[in-house]
C-alpha cells in the first residue's frame, strides 16, 4: 500500500527550527484568504478593546488610593544643642568613670505559645567599684538575629563605665523568622532577665530601664505595659505603628526617594493591603502604640538620614500616648547625618561610630532620669524632624483581593510548571525526530505557530523587564537604607514600567489578531453561517480538518501555552500594569 502522504510534496512539510516543531501546510486554508484588511481590522479592534478593558478593570479592582499627603511634614526643635542637663549640683557619672567587668550566663528561654526552648546567653556588664543600688539597663534587639556578643557592645560598655549594670541577650527567635517573630513571647524572656537583674545585690530593683532599637520598640511596648516598676526607656529609631503601616511607609517612602516609577510604588500598597494574617503573618496588625507603653520617662532618638521610620508622626503619636498616660517626661534628641541606628556611614559596615554626642547625651539622660532628677535642658533638641510622606494608615486587609491574587498567581505558577514540562517533552521529541530523520512533528499551522511564538517571546520579555526593574528598585532601597545617597538618575527603575506596559499592549493585539484569524477560518469553513452547516460543525468536533494543529500533541501544546501566557497577563494586571 502506498503511503497516504506520498502525494504531498516535501515542501508542504516545513519545520520551524526556532521552536522545534513542524508546521503543516497540508490542507491548510490559504493564509488570510477571504477577509479584506479593513474587515480584519474591524474585527481585531473590538476584540483588542474587550481584552484590554477586562485587564484594565482587573488592575483597577486592585488599585488602591495613594494617600501620601500631607507631604514634607516637619517638627521643629527648641534648640540645636543636644546636651542633657539636670537640676543638681551633684556630679553625675560620665562615660569612662569606671572600669567594666564583663561576664556571661545562660538560660533556657521557653516560648509561651509553643513550648519550644532556646538556649540564650546573656552578656552582663557592671562597673567595678561603683558600689550597690545601681541603675540597670537591658537592651532590646532590632530586626535580624543579634547575639549577646555582637550587639550593643559599645553603648553597653559606655553605660557600664558610667555606673550602670547592663544586660545584652541573644535575640529570642525560636523557630520563627523575620516575618513570624513572636513579640509577646520575646517580651516574656526580656522580663525574665529584668527580674534576674533586680535580684543582683548591686542593682536598684526600681532603677531598671530599657534600651530598644527599631523593631525592639514593639517588644518593649509589651514589657512596659506589664511591668509597673520600670524606671525609664530609651527608644532609638522606634517602630511606633503596626507592622503593616510602618513597613508600608518604609517601602513607599524609599521607593519614592530612589526615583522608582509610581507603578512600582503602587505594588507596595497592594502587598500591604493583602490579608496578611490569613497568609500566616499574624504580626501585621499588632497594635503596640497604646498609652500604657509610654507611661514611664522616655527618651526618643532619631537620625536625620534615617529613611525607615516615620519620625514626625511617630514622635507625635508617642507624645499623645504618653500624655494620655499622664507622662510628660518625654525627651527628643535628633542628630544630623546619623542613620537608622544613629551611626555614621554605611549601616552595612561594622564598627561605625555613633553620631556626634549621642552616647554622651544618652548616658547623661539615663543617669539623671534613673535618679529621679528634673531635666533643665530643652526636652526637644537637635536637628528638626522631617518626614517626606504620610504613614499609609488607610491600608487594611482586603480578603477578596487577597484570594483573587492567590488564584491568579497560583494558576500562573501551576501553568508555568506544566508548560516547562511540556517544553522539555517537546525538546526531547524534536531531538528524537532528528535522530530518526523524521520530519513530522506537531503539525501546527503556520499562522498560529508564528503568533504563539511572538506572544510567548513578548510576554517573557515583559516579565523579565518587570522583574528586572523591580529588582533594581529593591537594590537601590537597600543601599539607601545603608546610608548611600540615591542616584539622581532613576534609569531602569523608571522607564521599565511604561515599556513593560507597551509590551503588554502589543501582546494583547497579537492575541486579538489570533482570535480574528480563528474567526476568519470559521467563516471560510461555513461555521458562522445561518442556518448552521452541520457538516462543517461535525468536521470541527471530530477534528477532521483541525484549525490549529494536525496532531493532538500540537493542539495540547498550543492551548496549554496559551493559558499560561494569559495567566501571566492576569498577574500583570493584578500588580497594576494595565492601569494607564
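Each residue, glycine too, has its Cβ placed from N, Cα and C.
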*From the ranges 362-383, 494-515, pick the one that TrEMBL records as transmembrane segment.*
494-515
_Of the ranges 20-40, 41-61, which one does TrEMBL flag as transmembrane segment?_
41-61
*Please find, within the list 316-344, 403-431, the residue stretch that TrEMBL describes as transmembrane segment.*
403-431
*Give residue numbers and ranges for long-range contacts of the transmembrane segment (494-515): same chain, 6 or more residues beyond its ends, CB-CB under 8 A.*
40, 44-45, 47-48, 51-52, 55, 259-261, 263-264, 447-448, 451-452, 454-455, 458-459, 461-462, 465-466, 468-469, 472, 565-566, 569, 572, 577-578, 580
*Do any residues of this chain, six or more beyond the ends of the transmembrane segment (403-431), have a C-beta under 8 angstroms from a C-beta of it, and if so which?*
19-21, 61-62, 270, 274-275, 441-442, 553, 556-557, 560-561, 563-564, 567-568, 570-571, 574
_So if I exclude everything within five residues of the ends of the transmembrane segment (556-578), which remaining residues of that chain have a CB under 8 angstroms from its CBs? That is, six or more out._
21, 52, 55-56, 58-59, 62-63, 263, 266-267, 270, 404-405, 408-409, 411-412, 415-416, 418-419, 422, 426, 442, 444, 448, 452, 455-456, 459, 462-463, 466, 497, 500-501, 504, 507-508, 511, 548-549
